[in-house]
Each structure stands twice: as structure tokens, then as C-alpha cells.
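So the structure is just underneath, and the comments pick up after that.
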């Protein structure tokens, strides 16, 4: 239902692309429900205001000018959280002093955990947005609660299953690993990121019909209302591009010239860096597969090289018109194109949902954090992709051909199509994601404008009759 009186919601996104995109999509959803949306963002990776004329934007001084932010570091993330406290607090105070729309709440990305301190000081209700899968957060919390069970581990254990975390193995521990353990500063950061402080609820870019059992376990842990309203890129209507990088739309014209269900789309996201050896092995794996491909090689994504100069001699001549290389692509449009039959992906959560929603099966090449968990679920639980265990050209070639040409690949394509239909069903009127969105709107509308004293709201939006006891897709 739409609210009758105008209320404002302040969104505080984390600036990296994989976090910024779902927050802006959430903003579009909330705006469509009658809320005024204010985006308080860092100076780094400033969104394109012209793409979102329905929002009010406020730039916060993040104090990181001149610092290389192309790949995240703990120091930079902590500095960003500290530097943005005063700018956000001052802005919110000025908002509350002005007459006009009522400030309903602050919604913040879990990596911007400083917001909880600011909201608590001002006695404003806050809500956390989780931009990753429930399976990832569950694995993270399980390890954080008893790290001695999992860390450190021996090389001989890499392929052994993680206790209580099927289908993960020790090599899939979703933290940066150094000498077969996780440094304490990284564990401390993950504790801060997974905590919700005094926040009164959590919004999820996932679906009950995909992760019901994980969501129930996590809700028992956090004891606040959960609102799984994903996939937000589909729930948001007519969203303009949220990309920070310039998209090369000419690749769509190239796809138009390809046969239906023939092209492998290759993209490793907005942050991943690979070494030159991996690029060479990937290039020859693509070339030797004899399959048409669209390959995104982002500037700066190959250590020590810039885009095409890193490609092996003779590669472009060998593949000719069968391959197209771009610096960045309009991914949702690419995955929806009838020529695309597979996705060679890093398994970031946005890419995962976008691929499933377009019935595109995956070659899974994860690198870190949630990507490792997503890849295992995609390949072992949902069985809609094949995981690359070895980055070697013959293995890459065989995996691509298995996905694109084999009977096993046909089975994977059928499963991802079935998975899409269940997700689409959940977005219909009176179904799970749509109901959860209505509940979220009612919840925000009913929040007091000031909390005194600031305490979390306990209870369950997802009651036993609201969420299936066992999700079909998980079974």
C-alpha cells in the first residue's frame, strides 16, 4: 500500500558499485511507494545525479581525496566510517530543524556501520540493508561465533567440509586468508559489519523463495524484523543506470548479430583484479572453446596492464569476429539479450541474481568473501552453474563447452529457468517479495520520528505463516 502523507527516508550507501547499485534500486522502490528519498553519499564514486532526478542527493566529505580507492582496504573503510560521522550528523540535524517532510528513518549499507552511532546519538530509527546473500552472512556469523573450530587450518584440509556449513569447504572460508588463518583485524571488521547495533530492522536483497531457512536462522540470531524484498533490480520499476563506469552500449549491436543462445558473457565485476597469467589462461580457454564471447576487461583489472595490451599475441587474430572485448558493459541488458547463453562470473550477489532472473547459467570463478559462498551454492545446491576449480586454459575450455554444448549443460539451463520462474512468482501481487515490501512500507510509516530510549524493535515480520517452512528451491 502507498503511504498517504509524505515522509523522507535517508539512504547511506557504501560507494563501491556492488553496494551502491542495490541501494539506489531500493531508493527507487521506496520512492514509488510515496517516500521522499535522500541519498547521503561519499565523495568517492559519486552517483550520477541526472540518472535519478527523483532523489535529493547530499555529498559527505569522506576525507579520502587523493587516496587510491580502486580496491578496498580495511584502513580506507575504517577511515571512511570515521570521516563521514560528523558530515552526516550535521546534515541530519539541519534536516530535523527545517520544516517540511517528516524524516522517517535512515537506511544504511552494513559496511557504513558508523551510521548506527549517528542514529543512536540523534535518537533516529535506522534500518540495515544487506546487499549480499543470507547464506554468506550465516557462514560469516557461524565462523565468528567459534573461530577456533575453523581457524587456523592445514593445507591438507582445504577440500574438507566446513563443520555445520555445507556445502562450504575450508578453501571457501569467506574471509581473506593469510597463512591458512584470518588476521584478527579482519575478524573485527567482519564483526562490525555483521552487527546491527540499535537498528530496528533489516532489508534484504534476497527472496524468501530462495533463502527461507537461512533467513529464519538469521532472524533468530538478530531478533528484529526482516524484509526480504529482492531481487531489487526487478522490484524497482524503470531504474536508470546505476553504473559508475561508462557502459559500452555498442556491444548490444554486436549481440544483435549473433545467433540465439550462442554467446558466453564474461565479466568479473567492478573490483576484482587478476594477474596476467590468469588473463592469458582465460583468453586461450575462450579461444579454444570455439564459442562466441563478449568479454569485459575493466581498466585496471589486470595487474600491471591496461585492457587489450595484456592479451596474448595472436589471440585477437584467432578469434576474429567470434569475440568482442569491451571495457564495461550494460550487464542487465546483456544478460537479457536472446543471444546470451552463459555467464562466466565472479559470483557477486548482484551478478548472481541478475543472471538467474534472465535464465542464464554460470561458469563460477569466485575470488573472495561472499563470492566463494555464492559459487558453492550455485554449483552444489542450486546446480545452476559449474565452478572453476583450476584456472588453466584446458579446464576453462572444457568448462565453457560443458556449459554451452553438453547434455549436462542443458540440465543446468533447465534448472536456472525453473529457478527464475519461482523468483518471478514471488514478485507477483500478494506473493512473498511483494507482501514483504508492503510490510516494509507499513513498518517505516509507523516508526516514531525519534526513538527514546533507542532500542531495537523485537518481533518477527516473517512469522511462521508468512514464510514457508522449507523453501522449494533449497530442497
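Any Cβ shown, glycine's included, is placed from N, Cα and C.
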From the candidates 120, 131, 142, 181, give the one listed by Swiss-Prot for the same UDP-alpha-D-glucose site as 329, 331, 346, 349, 350, 351, 354, 370, 371. 131
Reported as an integer number of Å, what is the Cα distance between residue 331 (UDP-alpha-D-glucose binding site) and residue 109 (active site, charge relay)? 22
In terms of Cα spacing, which of the recorded positions 109, 131, 351, 370 are within 10 angstroms of residue 19 (anthocyanidin binding site)? 109, 131
Neighbourhood of residue 349 (UDP-alpha-D-glucose binding site) by C-beta distance under 8 A, where only residues 6 or more apart in the same chain count: 18, 131, 132, 133, 136, 205, 370, 374
What's the CA to CA span in angstrom from residue 109 (active site, charge relay) over to residue 351 (UDP-alpha-D-glucose binding site)? 18
Per DSSP, to which secondary structure element type does residue 131 (UDP-alpha-D-glucose binding site) belong, with helix, strand and coil as the options? coil
